[in-house]
Amino acid sequence: LAALLGNGLISTAVACDHRLHTPMYFFLLNLALLDLGCISTTLPKAMANALWNTRDISYAGCAAQVFFFSFFFSAEYGILTVMSYDRYVAICKPLHYGTLLDSRACATIAAAAWSAGILNSLLHTANTFSLPLCQGNAVDQFFCEIPHILKLSCSDAYLRESRLIMAGALVYLGCFVFIVVSYVQIFRAVLWMPSQQGRHKAFSTCTPHLAVLFLFLSTGMVAYLKPSSMSSPSLDLLVSFLYSVVPPTLNPVIYSMRNQELKGSLRKLMAKCILKAMNFPSLSALVL
C-alpha cells in the first residue's frame, strides 16, 4: 500500500503539475510507473495465497509473473541509466540541455528502455518455460523467479538459458559502466564550479538518483551474485523480498525528501484532494 500510494502520488503530481514537465521529472514518472508495475506483479498473488492459506499458482500465472517482473526490472534499470545521462547533460552541458533532451528525444529514449525490457523479458520467459520440468513443481519462493524455476529442470537446454543470462549480465555491466562514467564527469564538473551554492544545488539533484540507484543495484546484486554456499530457503526469501519490494517502496520517499519542487507539488495535490473530499470545491479551486 505504501508503494502504491507513494508512486501513485508522484505519477499524478508529475502528470498534473506543468512546472514538473521537464526531462528529469518525465524520467521520474517512468520510474514510478515501473515501480508500480514491479510490485503489483508479485505481492498481490503472495498476499492472496497468505490470506487463503495456499501456495498454488497456475502455469500461465507463473509465466505471466516471470514475464512482467523481468520486464519491469529490466526497464527500470534502463530508466535509471537514462536518468544518469539526464543529470550528466544538465550539469556538464547545461546550454545544450534543451536540444539534447527535448520532448522527442526523451520519448524516444524512454521508449527504447521499455522496448529493451520487453525484448529481454520475452527471451528469458520463452526460454525458461520451454524447458521440461522434471524435479517436481514446487518453486521455493513467494513468487515465480527464473533461478528457482531452472532448479526444477534437468534438460540440456539449461545451458541455453545460462548463456542468455550471461548475455544479459554483459548488457547490465555496460549500463553500469555508462553510469559510472557519467558520474565521474558530473563530479569533475561540480568540483570545478566556482560557486558553493551551485555545487550544493548540483549535488542535491544527483543525490536522490544515486540513492535509488544504490538501493536497486545493491539488493539486486545480493540476490543474484551471492555465493551458492550462502543459499538457504529463508535467506533466499529475505533477499528476494529486499530487491522486489523494498526499492519500489522507498524510491518515492527518497525522491520526495530532497526535492523541494516535488514536495511542494505533492503538498498541493494532497491539499486539493482533502478539500475535495470535504466537499469544499470553491476552496480546492484556490490551491494552485
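Even glycines carry a Cβ here, placed using N, Cα and C.
Positions annotated as domain 'G-protein coupled receptors family 1 profile' by TrEMBL: 6-255.
Residues 3-4, 7-8, 10-11, 14-15, 65, 68-69, 71-73, 75-76, 79-80, 82-83, 86, 106, 110, 113-114, 142-143, 212, 244-245, 247-249, 251-252, 255, 262 of the same chain lie 6+ residues outside the transmembrane segment (25-44) yet bring a C-beta within less than 8 angstroms of a C-beta in it. The transmembrane segment annotation in TrEMBL covers 25-44 (among others).
Non-local neighbours of the transmembrane segment (56-75) in the same chain are 34-35, 37-38, 41-42, 45, 49, 113-114, 116-118, 120-122, 124-125, 128-129, 139, 143-146, 149, 168, 220, 244; each lies 6+ residues outside the stretch with a CB under 8 Å from one of its CB atoms. Per TrEMBL, the feature transmembrane segment maps to 56-75 (among others).
Annotation comment: TrEMBL describes 169-191 (among others) as transmembrane segment.
The transmembrane segment annotation in TrEMBL covers 203-225 (among others).
Residues or ranges marked as transmembrane segment by TrEMBL: 237-257 (among others).
If you look at the transmembrane segment (169-191), the same-chain residues 6 or more away from its ends with a CB under 8 A from one of its CBs are 77-78, 80-81, 84-85, 87-88, 91-92, 120, 199, 202-203, 206, 210, 213, 217.
Averaged across the domain 'G-protein coupled receptors family 1 profile' (6-255), the predicted model reaches a pLDDT of 86.
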